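What TrEMBL lists as domain 'NADH:quinone oxidoreductase/Mrp antiporter transmembrane' is 23-286. Positions annotated as transmembrane segment by TrEMBL: 60-80, 92-115, 151-170, 177-195, 201-221, 233-253, 273-293, 325-347. If you look up TrEMBL, you'll see 289-342 marked as domain 'NADH dehydrogenase subunit 2 C-terminal'.
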């Protein structure tokens, strides 16, 4: 892609998110979300592969449906209450419709079916943008809406955590596994949103760091399914030794960074008297942990002298920058001891 066009599209992505962040009026927020969608569509379709075009079409249709629902709900709110302010959603009907529209935008279960299919059709770089940056603008709106829909948020959160765990169990494609991982993480964030928005932001931040590491590792190894992971030790032995730690951190295993948000969320849910919800969420984390363990097993326990599950690739030097991967890997593995400091900064 022409660098000028790429720069324009990336600027459009950033501008759309910034407009939504800065808006207090529903029309402006909707405009930011639309700019975001329209800026990423050329990035998704740039390879002209039938799968990429199909993924782009699916993404466009779901995002357009979500944006139309959002606009309809905000007009309904203005008709019922005379208010266009984002903070002034008082009527339950538009409030529920907007929450569901934003849930469809970010891929929360049961409105998640588009996300694994879309991510599977994209390359890893665009997939990374879709899994991280594209979640920011809808999340900013959900954060401003959050006091109004407590039961709905808990149902969405629990369903997402469970479906994100179940859906990834029988997958062999890495992008689909990362999509279900994204659904599960979003479920945890939505679950705690109404009780502690600061813990939600902390979870979002750690999810971004861990997902960045996972996508960069797969991009460096040019891996898109489990079998190609098994031969990655010939290309980058040190990275292959560290990757299981990145994956287990995504699964939320102590003493890795990913344990920190889960620990704080379970603690807060228990404080709020929601022990059954916390138990269900913790059990759903076990489902996710299983498929991360599968990936770790494929990477580290199928190496020589065992039989390889795939053909050994050419060991060509990679052109990818390794500094971002190094920094994000260190953060993915080592931040748990800093939990008190991070809690003080974000939660107090």
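Keep in mind that glycine also has a Cβ here, set from the backbone N, Cα and C atoms.
By number of Cβ pairs under 8 Å, the transmembrane segment (201-221) is matched best by 325-347 from the list 60-80, 92-115, 233-253, 273-293, 325-347.
Listed by sequence, the residues of this chain that lie at least six past the ends of the transmembrane segment (233-253) yet keep a Cβ under 8 A from its Cβ atoms are 181, 210-211, 213-214, 217, 220-221, 259, 261-262, 285, 288-289, 292-293, 295-296, 299-300, 303, 312-313, 315, 318, 325, 329, 332-333.
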